[in-house]
Amino acid sequence: NNNPKTGTESACVSPSACIFCSSSGAGGWSPMVTDQEPWLQVDLREQMEVTAVATQGRYDSWDWVSSYLLLYSDTGRAWKQYRHEDGVGRFVGNGNSETIVQNKLSHPVRTRFLRFVPLDWNPSGWMGLRVEVYGCSYKSYVADFDGRSSLLYRFNQKSMSTVKDVISLRFKSHQAEGVLLHGEGQRGDYITLELHRGRLDLYLNLGEARFSSHRVPVTVGSLLDDQHWHSVHIERFNKQVNLTVDSYTQRFQTKGEGHSLEVDYELSFGGIPLPGKPGTFLRKNFNGCMENLYYNGINVIDLAKRRKPQIHSVGNVTFSCSQPQLVACTFVSSSSSFLSLPSASPGAGGFSIRFQFRTWNPEGLLLSVQLNPDPQKLRLQISNSWLRLTLHSSGRQKSEVSAGEVSDGLWHSVSLDARNLQITLTVDNEPSSTIELWEQVQSRGSFYFGGCPATAPDCQGFAPAFQGCMQLIFINSQLMNLSHVQQGLLGNYNELQFDTCNIKDRCLPNLCEHGARCSQMWSSFSCDCSGTGYAGATCHNSIYESSCEAYKLSGSSSGFYFIDPDGSGPLGPTQVYCNMTEKKVWTVLSHNSTAPVTVQTSSLQKPHVMIFNYSASAEQLRAIVSGSEQCQQEVVYNCRKSRLFNTKDGSPLSWWLDREGEKRSYWGGFLPGVQQCSCSLEENCIDMNYFCNCDADTDTWANDTGVLSYKDHLPVSQIVIGDTDRMGSQAVYHIGPLRCYGDRSIWNAASFYQESSYLYFPTLQAELASDISFYFKTSAPSGVFLENQGLKDFIRVELSSPSVVTFSFDVGNGPAVLSVKSHVPLNDRQWHYVRAERNAKEASVQVDQLPLRFLEAPADGHLRLRLSSQLFVGGTASQQRGFLGCIRSLTVNGVSFDLEERAKMTPGVSAGCPGYCTGSSSLCHNRGRCVEKSNGYICDCSQSAYGGTTCNQEVSVSFDRESSVTYTFQEPFSVMQNRSSQASTSSTDSRAREDVALSFVTSQRPAMLLTVSTFSQQYIAVILATNGSVQIWYHLQTDKKPDVFTPTPSNLADGRLHRIRIHRVGKNLYVQINQDIHRKYTLSSDAELILIRSLTLGMEHFDEEVIQGASKGFIGCLSSVQFNHVAPLKVALTNRGSSLVTIRGPLVQSNCGALAESHTLQGKTSTSMTLMIYLFRLTNTRKDLAVIAGLCCALVFITVCALAVVIRLVYQQRRAQRSSGSIKEEHRHSMYTDYRTELHLHNPVRDSVKEYYI
């Protein structure tokens, strides 16, 4: 037999065991056809470190195993399933009978027994195995602790102070509590390692306050009370600590001010011998075995075994592991698992049952039994994580709920005793619960544990079957032998695994991202994204846009917003102010010193120092600046006898620090390194002998104001003023906020004009989660957008046909394919959006505004995407099926790819993309889509609630009490159901999602704003309550009360314009009111709206509590109303005769949206007035009458201009109202068809013509 060498060490590669592995003649293991759940067990004769296993089929036959599980055990009684590092337990077997298939273990196991459990085999033959095990022997020093014993390692001196510590050991136990290691010192240092609730806690303190009452441990591991060996390794150097349990490592810094650990007298292992000692933990001692215990290179168990004087033994410590092996069984299926056991020696006085169980599931049937006298049934089940005992009898039902939760993965003991006219339930050591009986009962028939067979109809339908583990089952004080059950000698069973508790902690490691909380059931986990700023199955996707530019593209106006500069990356969101002007979108980040600062008595020896703290972290600032096209920050320095530079040697007397803390002495208007001010560049310094006004050093006030615009140095982190200590010397400075505009990634594009061309980038770092987004436009029928391959794994996004985008990948579970089919061709030379995501729970892909397509990941499949090649964009490594067209705004996991820079050096690819709709100029607004034409472009406003040629005209209507607009959907449909793409895969599903936006002006309360109703009695309602506050009603479950949310208690029926935006994904509801109120809520259900019937604005008839608002209708103005892709007001104005729209009562076109402009203008005027007042006050301190007169003139001029603009707006508004009267057919054609008119642009420089596209 050819035995290839494997293993991580040369000493551990030779075969340890060869079972039926002869390469000539007959040989191999094959079970009987009648054997139920067969397995092959290998005894290595002694403890071995196993590094690999290899298999073959049975010699010269059609018998082989194509996949199997590997179990291991110390004793051959209690078994544990081996899992790869990503949690997968399935091993790949053979495809024929002769080829050797070797599987190297990602982490070696130390064991004596191995068990091969076939899962799949040759369908044309039978199971057949020849196996070989690779590994080596190792030296083992073992100590057994009985829960009352310990080993003390005593130092040679009074105390031991160490800067570096290395502690390693292996342990196994069936107890969830127990101290493994403890030591402490008089100055307050301590170290304690203990098992707590099946996890390992490390308490470590270096010099913190003595005997602190609040001690917080570092916790690693889970389910460590499983009677199997676990390795622990602690490394400490100064305050840095690495704590490793099995393959999981936690890195942290110790508390306290010290760098050394000072322990007095001794370290104790296995417990604390003197629990009354001050400052110690009153914990249980360890009950189990330890192996190869080393403290700073000292073999503690070896010293104890040889009775060395530095080791003192307390209690009964033995040097062989004789812990009892508790045999468990696993209930695998939540629908069909059960264990049936007969009553053991039933007595006339009732019955008793005891057992232990562990599970993650909040629901499950633990026990069911029929009782005499008939008909009575007793059921013990888990309900909402609580244990509930129920007695069913004719005509009445009694139940008792025990205290405490039991769905925590820990072992819980249950005792049930039916005697003396009562049934007593005891859980763990809690007080008993009792059901009183009218007469004595006895068990009838079998006891059903975990579930019921289909032949027991009286037992069905009460709860799902139990998924978890059970052990130590006693019936009438007799222990049930589970081995006899497995052999068919006792009782009956279905879907059980014997000799193992196959429980798994799916939250270790925590695959929920961005600090989200992980919760789990037996076969799945879920993530709670509340408060993280992220959404999705693993909280991977930011709920915020990445820039102010992106908010502008989505139709938002100026205001405070949260942005997430690296999207799904680790930085997190931060709040900024987005100033959206006509030409540019400014991102404004303020700091802690917004007012002017006066400085006196500062010198180079004792300078004035101001540190600026911004509303974002340093990493977030760096990401915002680097992602912007341009950034700037104004520096104002007013001086009187306060110089910036020394006139003798030119050394700076004042300076500022950049974002990296580097000293800078230029003050705007110049490139870095030039010690000058703006006046020198403009040649208008008050004294041309100096480069700065302040360097003239006059007794009168002077000013040096500049704008810092070198991005790599921004923002200013600190300013130092050092020349105000002379008589009459004074300075007043002001550092403005950081202001950036543009988003470099949105319009970063590349054009591919050869099928064999591509751009390449470093390998994707996307093992556990990845999201890919980009825009494309093409006329080609197919092509690969991007591809990255590994040895077997791959990820690919492609246009597979003119109307289908396909996302495919393989992480080791076989190729997975997700496709989205569009109802219109995608190769229409227009921009289309694609976003693909894969994580540990699911994969998804979205194209434009089409519904997301989802594919759930297998529960126990491979998780890690292992890639090794370069990332190819626009093509493949084989140079086939390349993409022809444009790709822009490519982002992977929040990182933007610079396509233009890479395209400059790649043949067949050019930077940028030709066409009108290719840039960042605001051609189309408010979700309007720029559509290329041969000699220009048009704006498609069909997906926008706005109208006009560029989708920027408000669509507003005035209502009175009887007015309403009802939009009836063409056919009953589900919001997210994509009928055209159902055939893509049967494994996909859809996720509930709504987007609602509207603006309103009213003084009425209560009032009905909007309702959406379905044929299945679901509805959404947005109303104003009697106090004028907004209420949002979601009624998704007709058998339950609706969810009602009030984002703000403020009265919005104040005659002003207010904007509301509502966005729902599943259970998460996001609400924005105006620009300053952002709320997130969690709905009671994630159900989608099924069979949507209509959307109504204004008066609506409801039977629910919303009738209070509905009956009053709505009096006021509604503007820019949008529900998903429906704009009902625009449809009502442009399609008055349509059967989709029903109009009741008078309806008058209005322009209440223009009120927003007047409010904005008033705000700007107020800001200008405030600035002028500040300048006036500052000037007053200078006693400069000429400047005062100039400022007054400027103030009068600004006031007159503002008044003129306000008069013009009022005139336009009245003119529009006079001409609007009522809705007429000719007005519909004149105003709402012009957005279809083509714009003929004759400018030859197409690169200057850009678009906004959503």
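Including glycine, each Cβ sits where the backbone N, Cα and C put it.
A TrEMBL annotation is a machine prediction, not a hand-curated record.
Matching TrEMBL disulfide entries to the candidates C886, C930, C939 identifies the partner of C913 as C886. If you count C-beta pairs under 8 angstroms between the domain 'Fibrinogen C-terminal' (539-591) and each of 1-136, 328-501, 748-913, 914-952, 972-1152, the highest count goes to 748-913. Between the domain 'Laminin G' (972-1152) and the stretches 1-136, 328-501, 748-913, 914-952, Cβ pairs under 8 Å are most numerous for 748-913. The Cβ of C886 (disulfide bond) lies under 8 Å from the Cβ of A749, A750, S751, F752, F776, K777, T778, C913, G915, T918, each on the same chain and at least six residues away in sequence. Applying DSSP to the domain 'Fibrinogen C-terminal' (539-591) sorts its residues as follows: 6 helix, 20 strand, 27 coil. Within 10 Å of the C-beta of C913 (disulfide bond) there are 25 other C-beta atoms, taking all protein chains into account. Taken residue by residue, the domain 'F5/8 type C' (1-136) breaks down under DSSP into 3 helix, 69 strand, 64 coil.
Predicted-model confidence for the domain 'Laminin G' (142-321) is 87, expressed as mean pLDDT.
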